[in-house]
Amino acid sequence: MKLLISNDDGISALGIRTLANALAEAGHDVTVVCPDRERSATGHGLTLHQPIRAEIVESIFHPAIKAWACDGTPSDCVKLALWALLESPPDLVLSGINQGANLGTEILYSGTVSAAMEGMIEGIPSIAFSLTSHISRNFQPAAKFATILVEQLAAKPIPDLMLLNVNIPPVEWEEIAGVKLTRQGVRRYVDVFDKRTDPRGKTYYWLTGEVLEEVEPPEGLNLPQNVPIDVHVVRNNYISITPLQYNLTYATGIDKLSDWDFPLS
């Protein structure tokens with residue numbers, strides 16, 4: 001398959017090297033276009049008021065891989081690849097492997113998921129891969145599963161246009177309990193701003209935070225209750241696959257507001 005791979009951790013990240021090399025070694029036609037530096041939690045931002053530069057990168061990846069480092073956001077990278085760098089569209093857009101989970105409401109901030117979402121917006125099935133640890137350096141099990149999943153999709157394509165958000169627990173391959181189709185949960189954070197003063201007396205802030213609670217999504221979303229939540233299955237060493245789409249229309253909200261009047265005066 002022809003694959004485009006991006007990420008938000010940057011061109012030097014171990015996760016994207018492990019993923020891209022594994023897929024190239026499996027015989028796929030792999031192109032990498034990703035940020036030239038760390039761009040985590042940039043969401044779906046695009047660069048509009050300055051030029052975007054992309055440089056060919058050699059010696060980082062498998063010799064069969066063509067790679068570019070881009071000074072834009074993750075979404076910039078995918079958009080640039082699809083419209084300017086690639087000679088023909090890929091069969092799949094992949095993003096990752098991210099260093100850290102993208103579960104629940106975290107996906108709204110995620111550059112990893114947004115890069116994959118950009119592929120889906122352009123009509124290409126896409127997958128975001130995340131290793132649910134900020135410290136583990138063992139991306140091999142995640143890359144192994146990614147290779148298996150891509151091979152499966154080559155034989156049996158995704159039946160509808162969607163993004164698969166895949167989170168892999170940070171354990172050895174033999175310790176993975178299985179794979180489960182999941183629905184998106186809710187992760188609430190307590191955000192703390194660390195206030196500091198620079199040598200010139202100017203105030204600045206560092207945003208820190210930790211998970212406060214993991215809760216069920218609202219019932220009004222009409223999601224099947226028999227489908228487990230992503231944050232729960234990963235905790236039990238299952239791989240989580242959550243199908244996503246970009247249409248954020250709240251169908252229940254339309255129903256609840258259908259009898260409202262919205263006067264202009």
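Using the three backbone atoms N, Cα and C, a Cβ is placed for every residue, glycine included.
For the recorded site, Asn98 (divalent metal cation binding site), the DSSP three-state label reads strand. The Cβ of Asn98 (divalent metal cation binding site) lies under 8 Å from the Cβ of Asn7, Asp8, Asp9, Gly15, Ser110, Thr112, Ala128, Phe129, Ser130, Leu131, each of these being in the same chain and 6 or more residues away along the sequence. Under the heading divalent metal cation binding site, Swiss-Prot lists Asp8, Asp9, Ser40, Asn98, citing sequence analysis as support.
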For the binding-site residues listed here, Asp8, Asp9, which shows the highest count of neighbouring CB atoms within 10 A?
Asp8
Where does Asp8 (divalent metal cation binding site) sit in the DSSP three-state scheme?
coil
I want the residues beyond Asp8, Asp9, Ser40, Asn98 whose C-beta is within 8 angstroms of the mean position of the divalent metal cation site's C-beta atoms, in chain order.
Asn7, Gly10, Ala13, Gly15, Glu38, Arg39, Ala41, Pro74, Gly96, Gln99, Gly100, Ser110, Gly111, Thr112
Could you tell me which three-state DSSP class Ser40 (divalent metal cation binding site) falls into?
coil
